[in-house]
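Annotations for this protein, taken from Swiss-Prot, read as follows:
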DOMAIN    23-166  domain 'VHS'
ZN_FING   187-247  zinc finger
BINDING   Cys193, Cys196, Cys217, His220  Zn(2+) 1 binding site
BINDING   Cys209, Cys212, Cys239, Cys242  Zn(2+) 2 binding site
REGION    253-274  region 'Disordered'
DOMAIN    273-292  domain 'UIM 1'
REGION    289-318  region 'Disordered'
DOMAIN    314-333  domain 'UIM 2'
COMPBIAS  364-379  compositional bias 'Low complexity'
REGION    364-384  region 'Disordered'
COMPBIAS  491-513  compositional bias 'Polar residues'
REGION    491-732  region 'Disordered'
COMPBIAS  524-541  compositional bias 'Low complexity'
COMPBIAS  542-579  compositional bias 'Polar residues'
COMPBIAS  592-607  compositional bias 'Polar residues'
COMPBIAS  616-627  compositional bias 'Basic and acidic residues'
COMPBIAS  629-651  compositional bias 'Polar residues'
COMPBIAS  652-663  compositional bias 'Pro residues'
COMPBIAS  683-695  compositional bias 'Polar residues'
COMPBIAS  717-726  compositional bias 'Basic and acidic residues'
Amino acid sequence: MSWFSGSTVPVADLESKINEATSESIPNGELDLAIALEITDLIRSKKIPPKQCMRSLKKRLTTTHSNPNLLTSTLKLVDLCVKNGGYHFLVELSSKEFIDYLVDYIFKIHYNTKDSYVIENEAKYKVGSFILSLIKDWTLVFENQTQLNYVERSYHQLMNQGYEFPESEVGGQLSNKFIDSEAPPDWIDSNECMICYNPFSLMNRKHHCRSCGGVYCQTHSSHNSPLVALGIMEPVRVCDNCYEKIKSKNSKHLSKVRQKKTPSQPTDEDLDDEDEQLRKAIELSLRETQVPVSKQIPPPRSPSPVVANNTGEEEDEEMKAAIAASLKEFEQQERMYKQQPVASQQGYQEPQSEFYRHILPFDQQDPSYQNQNPSQQPQMTPANHAEQYHLKPQVEDLSQQEEESINLFITLMNNIKSDPSKQANILYDSNLSELHGKIIQLKPKLNKSLRASIEKYETCLELNNKISTISRLYDQFLEAKLNQAYGNHTISSPYGGPNQSFQGPYPSQTSNEYVPYPVDQRVSSPQYQQSPPQFQNYSSPGLSQQPTGYNNYPSIGQASEPSNQPPASESMQNTSQNPQEPPPTSFYPSYYQESDSETTQTNQDNGTPPYYSSKKTSEGNRNEPEYPHQSTYPPQDLNGSFNQNAPSQPNYNPPLPTEPSYPPFEQDDDAEDHAAAKFPSINELNSEEQTTNTGGKDDNKVPSMPSMPQFGQPSQDTDRKSKLVEEPLIEL
């Protein structure tokens, strides 16, 4: 049963706060102190029954007993609730249900300091020692409390069992005051008002005061006020007597704070007004942001010494710290103004960069540009550039403490905005007023820092744009230079000729041109002694190039200059006037073979020797082919230099000669006579046989077949003579 109807906090909310305060994300067994204090206020305000609060903490111990870090943080939360939860919660916590579970199950089973496994595990041993230290501290705190004596009984049992309790750091300072936390009192039931003593009826209803627990009528319990000392942060119903006590206590506290803040000034109601304080803060901010033009900045005035109060009240520690901080800040400001140069005290003019002014005449109407001689233009050195930017004052950023103050003020204002009950008591919150004054003083500094950051961003953005433009121009200039360099690139001839420039990529090969392989000049042959004409543009029409086993090289005209190449019509005329011979068969085994008639006719018309000539051997009339006497060396001029129009090819070794193929025998008009002379007819053989046997007299005798020649015997056709073809002379 909850004490206050309409403001009951569910148990799920309490359990979620407990889980959040002892979260796994918090390392080293620590807890979130802010949420833990909210839990203690929730327990102390009696919004949730104390037994249910104890069972929620016990449930968290059950779920985290296997993790030493989470168990340590949960035990720290339980200890904080013991010191701030109120006496009604201590009664439930020191009951047999919670203490036996903590000692008999968690400590003796999982974290027993006598167990060897726990002793070897350092983390578990620390948790066991921490449980023993908590039981010892609670025993000292609950001393002479009859309702809390079960903790002391468990402590003596553990001592009798031989457990050693660690020495507590604050054991000698612990007393009953550690658990003296105010809690809402129990309600008193009565049939009449405790102030006017009017009996309660249907029209005069009964109300309880949350501060004292008494029963009052509507007339004497119409005030609402937060009870911070009892852990109640929202305004609740109080009686007239309790309201006057709370009001007098708050007024004394406010007057004490005002006397400490302004002890030399007389207390006046106008000075306490919030509007007056806001006006002073605005004037102070305007005075700080104002920049003098020609006047010297006056040094800050030293703060007047604090006059001791005649009442003899001791100064608060926070006020002493504030006075020390103000004195330290005054000394720093005075030291800064002494070190500030006189030139910087005059009107500050924003420096203008001269780095990009004289690159291009952007503004020729500028008088500084017209009056200045280009030869006398000052050069922008890095030192001068650094000196100009060194004169610019540096804006101080917000410190970490100032940022925390701003964030705290924002958080408090958001809480007040969401809670309408706190808005009525905002005038009585002295801490919030003091924090508001500090935030107002930080506003000019924050504006300066923001303006400096924006200017720095714009400057960096402008420099980035300039760098991008310059990089693009440089890339375009470099690309143009590279294209020009590649266009003028030349390749020298391997035979000492003039350089040949490449204009564009290699043209595609549209014809299959046979180019003889160059032969090293060191290789010589006795049978190649004549210098034949130069081979140029020999191609086989209608025949694809056959693989020869060697690398294919480009044609002659592919790597030559355009000025050295004759037109296509001139090339055809030169070919018809000066026909050239194909390459030797030793270089190209597979070549196009012309018919005998075409070869003979071409040789007779041009007066050139045939491709092959036959010579008579000593063994008989057998004709064997004879290779043409042509050199495979590049053609040379009269002065011994190589021809420039010769193909530019690397100097490879000559390939090995292949098996020559015999050309077809020449056929003339007397071929039938030759065949008849060499191979006589059957009639001639019969007549010759008859003449041989009968001497030409016996014609009726049957002729016999000629005898076949035996293997190894010399041929009997030596008398037969073949008609030799006369070899024409070679034109040199």
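Positions of Cβ are set from backbone N, Cα and C atoms, glycine also.
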Find, among the binding-site residues listed as Cys193, Cys239, the one whose Cβ has the highest number of other Cβ atoms within 10 Å in the structure shown.
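Output for this query is Cys239.
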Can you tell me which of the binding-site residues Cys209, Cys212, Cys239, Cys242 is spatially closest to His220 (Zn(2+) 1 binding site)? Compare CA atoms only.
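Closest recorded candidate to His220 (Zn(2+) 1 binding site) by Cα: Cys239.
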If I restrict to non-local contacts, at least six residues apart, and a C-beta distance under 8 angstroms, what lies near Cys212 (Zn(2+) 2 binding site) in its own chain?
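The list for Cys212 (Zn(2+) 2 binding site) reads Pro185, Cys239, Asn241, Cys242, given in order along the sequence.
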Other residues near the Zn(2+) 1 site, CB within 8 A of the CB centroid of Cys193, Cys196, Cys217, His220?
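Close Cβ neighbours, site residues excluded: Met194, Ile195, Tyr197, Asn198, Tyr216, Gln218, Thr219, Ser221.
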I'd like the per-state residue tally for the domain 'UIM 2' (314-333) from DSSP, helix first, then strand, then coil.
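Secondary-structure composition of the domain 'UIM 2' (314-333): 17 helix, 0 strand, 3 coil.
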Taking the centroid of the Cβ atoms of Cys209, Cys212, Cys239, Cys242 (Zn(2+) 2 site), which other same-chain residues have Cβ within 8 Å of it?
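So the extra residues in range turn out to be Arg210, Ser211, Gly213, Gly214, Tyr216, Ser221, Val238, Asp240, Asn241, Tyr243.
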In whole Å, note down how far the CA of Cys196 (Zn(2+) 1 binding site) lies from the CA of Cys209 (Zn(2+) 2 binding site).
15
Once near-sequence residues are set aside, which residues in the chain of Cys217 (Zn(2+) 1 binding site), 6 or more away, have Cβ atoms under 8 Å from its Cβ?
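Counting only residues 6 or more apart in sequence, the Cβ neighbours of Cys217 (Zn(2+) 1 binding site) under 8 Å are Cys193, Ile195, Cys196, Asn198, Phe200, Asn204, Arg205, Lys206, His207.
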Of Cys196, Cys242, the binding-site residues given in the record, which has the fewest other CB atoms within 10 A of its CB?
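Cys196, out of the binding-site residues Cys196, Cys242, has the fewest neighbouring Cβ atoms within 10 Å.
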State which of the following binding-site residues has the fewest other Cβ atoms within 10 Å around its Cβ: Cys209, His220.
His220
So how many of the residues in the zinc finger (187-247) end up helix, strand or coil by DSSP?
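Taking the zinc finger (187-247) as a whole: 11 helix, 18 strand, 32 coil.
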